[in-house]
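Only one structure is covered here, and it is reproduced in the block below.
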Amino acid sequence: MTNKSPHPSIILGSTSPYRAALLQKLNLNFQQAAPYFDEQITPTSLAPRDIAINFAKEKAESLREQFPDHLIIGSDQTAALNGLLLRKPGDKATAIKQLAACSGESVTFYSGLALINTRLNTTRTCVDWQTVYFRDLSREEIERYIELEKPYDCVGSFKVEGLGISLFEKIEGKDPNTLIGLPLIELITLLKKEGLRIP
(Lines of atoms letter the chains of each structure in order from A and count residues from 1; the text may use other names and numbers.)
(Lines give C-alpha, C1' and ligand atoms only; values in the text may rest on other atoms or scores of the structure.)
Protein backbone atom coordinates (compact mmCIF):
# COMPACT_ATOMS: atom_id res chain seq x y z
CA MET A 1 0.00 0.00 0.00
CA THR A 2 1.37 3.42 -0.94
CA ASN A 3 0.86 6.55 1.12
CA LYS A 4 -0.39 9.49 -0.88
CA SER A 5 0.65 13.01 0.00
CA PRO A 6 -2.11 15.02 1.72
CA HIS A 7 -2.39 17.29 -1.32
CA PRO A 8 -1.84 16.43 -4.98
CA SER A 9 1.18 17.93 -6.71
CA ILE A 10 0.57 21.19 -8.58
CA ILE A 11 0.71 21.57 -12.35
CA LEU A 12 0.70 25.01 -13.96
CA GLY A 13 -0.93 24.49 -17.34
CA SER A 14 1.14 27.15 -19.06
CA THR A 15 4.63 27.53 -20.48
CA SER A 16 4.66 31.27 -19.73
CA PRO A 17 7.71 32.32 -17.69
CA TYR A 18 5.71 35.29 -16.39
CA ARG A 19 2.92 33.13 -14.97
CA ALA A 20 5.50 30.79 -13.48
CA ALA A 21 7.25 33.72 -11.80
CA LEU A 22 3.93 34.82 -10.30
CA LEU A 23 3.14 31.34 -8.96
CA GLN A 24 6.61 31.14 -7.41
CA LYS A 25 5.60 34.04 -5.15
CA LEU A 26 3.34 31.62 -3.26
CA ASN A 27 6.30 29.43 -2.26
CA LEU A 28 4.68 26.29 -3.68
CA ASN A 29 6.34 23.41 -5.49
CA PHE A 30 4.94 23.01 -9.00
CA GLN A 31 5.86 22.02 -12.52
CA GLN A 32 4.77 23.49 -15.83
CA ALA A 33 3.10 21.67 -18.70
CA ALA A 34 1.90 22.90 -22.07
CA PRO A 35 -1.87 22.53 -22.48
CA TYR A 36 -3.27 20.90 -25.61
CA PHE A 37 -5.55 23.69 -26.71
CA ASP A 38 -6.15 25.81 -29.80
CA GLU A 39 -6.83 29.42 -28.77
CA GLN A 40 -7.83 30.31 -32.33
CA ILE A 41 -11.19 28.58 -31.86
CA THR A 42 -13.07 31.38 -30.10
CA PRO A 43 -16.84 31.16 -29.52
CA THR A 44 -18.03 34.58 -30.66
CA SER A 45 -21.38 34.15 -28.89
CA LEU A 46 -19.74 34.36 -25.45
CA ALA A 47 -18.80 37.51 -23.53
CA PRO A 48 -15.04 38.11 -23.09
CA ARG A 49 -15.17 37.22 -19.36
CA ASP A 50 -16.90 33.92 -20.15
CA ILE A 51 -14.38 33.10 -22.87
CA ALA A 52 -11.57 33.59 -20.34
CA ILE A 53 -13.19 31.16 -17.89
CA ASN A 54 -14.00 28.58 -20.56
CA PHE A 55 -10.52 28.67 -22.06
CA ALA A 56 -8.90 28.38 -18.62
CA LYS A 57 -11.03 25.33 -17.89
CA GLU A 58 -10.32 23.72 -21.27
CA LYS A 59 -6.58 24.23 -20.85
CA ALA A 60 -6.65 22.51 -17.46
CA GLU A 61 -8.94 19.75 -18.76
CA SER A 62 -6.53 19.02 -21.61
CA LEU A 63 -3.94 17.88 -19.05
CA ARG A 64 -6.27 15.74 -16.93
CA GLU A 65 -5.27 12.35 -18.36
CA GLN A 66 -1.57 13.18 -18.31
CA PHE A 67 -1.70 14.13 -14.61
CA PRO A 68 -4.27 11.87 -12.89
CA ASP A 69 -3.30 12.73 -9.29
CA HIS A 70 -2.63 16.45 -9.39
CA LEU A 71 -3.99 19.95 -8.93
CA ILE A 72 -3.97 21.49 -12.41
CA ILE A 73 -4.09 25.27 -12.81
CA GLY A 74 -5.46 26.60 -16.09
CA SER A 75 -5.54 30.30 -16.92
CA ASP A 76 -6.51 32.47 -19.85
CA GLN A 77 -6.83 36.16 -20.54
CA THR A 78 -9.17 38.14 -22.75
CA ALA A 79 -9.71 41.86 -23.22
CA ALA A 80 -12.58 44.05 -24.34
CA LEU A 81 -12.53 47.51 -25.90
CA ASN A 82 -15.99 49.10 -25.93
CA GLY A 83 -17.44 45.62 -25.49
CA LEU A 84 -15.53 44.13 -28.43
CA LEU A 85 -13.11 41.25 -27.95
CA LEU A 86 -9.42 42.05 -28.52
CA ARG A 87 -7.26 39.20 -29.77
CA LYS A 88 -3.51 38.63 -29.83
CA PRO A 89 -2.31 40.79 -32.73
CA GLY A 90 0.06 38.26 -34.27
CA ASP A 91 1.99 40.79 -36.36
CA LYS A 92 3.34 44.35 -36.31
CA ALA A 93 0.64 45.98 -38.43
CA THR A 94 -2.19 44.54 -36.33
CA ALA A 95 -0.43 45.48 -33.08
CA ILE A 96 -0.07 49.10 -34.24
CA LYS A 97 -3.73 49.20 -35.27
CA GLN A 98 -4.82 47.69 -31.94
CA LEU A 99 -2.83 50.14 -29.81
CA ALA A 100 -4.07 53.05 -31.91
CA ALA A 101 -7.64 51.94 -31.15
CA CYS A 102 -6.80 51.72 -27.42
CA SER A 103 -5.25 55.21 -27.31
CA GLY A 104 -7.20 57.41 -24.90
CA GLU A 105 -9.63 54.58 -24.17
CA SER A 106 -10.26 52.14 -21.31
CA VAL A 107 -9.80 48.41 -21.89
CA THR A 108 -10.99 45.73 -19.47
CA PHE A 109 -8.86 42.61 -19.12
CA TYR A 110 -10.35 39.38 -17.79
CA SER A 111 -8.19 36.59 -16.40
CA GLY A 112 -10.01 33.30 -16.01
CA LEU A 113 -8.80 30.61 -13.62
CA ALA A 114 -9.60 26.92 -13.40
CA LEU A 115 -8.32 24.55 -10.72
CA ILE A 116 -8.92 20.86 -11.36
CA ASN A 117 -8.24 18.27 -8.67
CA THR A 118 -7.81 15.08 -10.69
CA ARG A 119 -7.56 13.00 -7.52
CA LEU A 120 -11.04 14.04 -6.35
CA ASN A 121 -12.46 14.91 -9.80
CA THR A 122 -13.45 18.44 -8.78
CA THR A 123 -13.24 21.70 -10.74
CA ARG A 124 -13.24 25.25 -9.38
CA THR A 125 -13.33 28.35 -11.58
CA CYS A 126 -13.30 32.12 -11.18
CA VAL A 127 -12.44 35.29 -13.08
CA ASP A 128 -10.79 38.56 -12.09
CA TRP A 129 -10.58 41.81 -14.02
CA GLN A 130 -8.48 44.94 -14.42
CA THR A 131 -9.42 48.06 -16.33
CA VAL A 132 -6.54 49.84 -18.04
CA TYR A 133 -6.84 53.50 -19.02
CA PHE A 134 -4.51 54.27 -21.91
CA ARG A 135 -2.82 57.61 -22.36
CA ASP A 136 -3.35 59.49 -25.59
CA LEU A 137 -0.66 57.83 -27.68
CA SER A 138 0.95 59.37 -30.73
CA ARG A 139 1.65 57.26 -33.79
CA GLU A 140 5.36 57.69 -33.10
CA GLU A 141 5.01 56.41 -29.52
CA ILE A 142 3.00 53.41 -30.67
CA GLU A 143 5.45 52.45 -33.41
CA ARG A 144 8.45 52.95 -31.12
CA TYR A 145 6.91 50.78 -28.41
CA ILE A 146 5.91 48.02 -30.85
CA GLU A 147 9.42 47.98 -32.30
CA LEU A 148 11.02 47.72 -28.84
CA GLU A 149 8.86 44.97 -27.31
CA LYS A 150 7.22 43.22 -30.27
CA PRO A 151 4.13 42.19 -28.22
CA TYR A 152 2.61 40.17 -31.05
CA ASP A 153 1.50 37.29 -28.80
CA CYS A 154 0.00 39.55 -26.10
CA VAL A 155 -3.68 40.42 -25.75
CA GLY A 156 -3.90 44.21 -26.03
CA SER A 157 -0.53 44.51 -27.82
CA PHE A 158 1.54 45.32 -24.75
CA LYS A 159 3.65 43.65 -22.06
CA VAL A 160 2.72 45.07 -18.66
CA GLU A 161 5.71 43.34 -17.09
CA GLY A 162 7.92 45.44 -19.36
CA LEU A 163 7.68 48.83 -21.07
CA GLY A 164 3.94 48.44 -21.58
CA ILE A 165 3.30 50.21 -18.29
CA SER A 166 4.44 53.44 -19.99
CA LEU A 167 1.31 53.36 -22.16
CA PHE A 168 -1.09 53.67 -19.23
CA GLU A 169 -2.67 56.58 -17.42
CA LYS A 170 -4.02 54.39 -14.61
CA ILE A 171 -5.15 50.86 -13.73
CA GLU A 172 -8.21 49.85 -11.73
CA GLY A 173 -8.76 46.46 -10.09
CA LYS A 174 -7.96 44.47 -6.98
CA ASP A 175 -4.98 42.39 -8.14
CA PRO A 176 -2.17 43.78 -10.36
CA ASN A 177 -1.12 40.21 -11.18
CA THR A 178 -4.32 39.82 -13.19
CA LEU A 179 -2.84 41.83 -16.07
CA ILE A 180 0.02 39.35 -16.37
CA GLY A 181 -2.51 36.53 -16.58
CA LEU A 182 -2.50 34.84 -13.17
CA PRO A 183 -4.68 36.55 -10.52
CA LEU A 184 -2.97 35.38 -7.35
CA ILE A 185 -5.58 36.63 -4.88
CA GLU A 186 -8.28 34.52 -6.53
CA LEU A 187 -5.88 31.59 -7.00
CA ILE A 188 -4.99 31.59 -3.30
CA THR A 189 -8.70 31.39 -2.47
CA LEU A 190 -9.11 28.36 -4.76
CA LEU A 191 -6.01 26.62 -3.38
CA LYS A 192 -7.13 27.18 0.21
CA LYS A 193 -10.44 25.51 -0.62
CA GLU A 194 -8.36 22.48 -1.62
CA GLY A 195 -6.77 22.50 1.83
CA LEU A 196 -3.42 24.08 0.99
CA ARG A 197 -1.88 26.28 3.65
CA ILE A 198 -0.85 29.69 2.28
CA PRO A 199 1.17 31.12 3.91
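Positions of Cβ are set from backbone N, Cα and C atoms, glycine also.
Counting only same-chain residues six or more apart in sequence, the Cβ atoms lying under 8 angstroms from the Cβ of Tyr18 (site 'Important for substrate specificity') belong to Glu161, Ile180, Gly181, Leu182. The annotation site 'Important for substrate specificity' is assigned in Swiss-Prot to Tyr18 (among others).
Annotation comment: Swiss-Prot describes Asp76 as active site, proton acceptor. In sequence order, Glu39, Ile51, Ala52, Ile53, Phe55, Ala56, Lys59, Ser111, Gly112, Gly181 are the residues near Asp76 (active site, proton acceptor), counting only same-chain partners six or more apart with C-beta under 8 A. Classification of Asp76 (active site, proton acceptor) by DSSP places it within a strand.
Per Swiss-Prot, the feature site 'Important for substrate specificity' maps to Gln77 (among others).
For Glu161 (among others), the entry in Swiss-Prot reads site 'Important for substrate specificity', with the evidence type sequence analysis. For Glu161 (site 'Important for substrate specificity'), the Cβ neighbour count at a 10 Å cut-off comes to 15, with all displayed protein chains included.
When secondary structure is read from DSSP and collapsed to three states, Tyr18 (site 'Important for substrate specificity') falls in the helix class.
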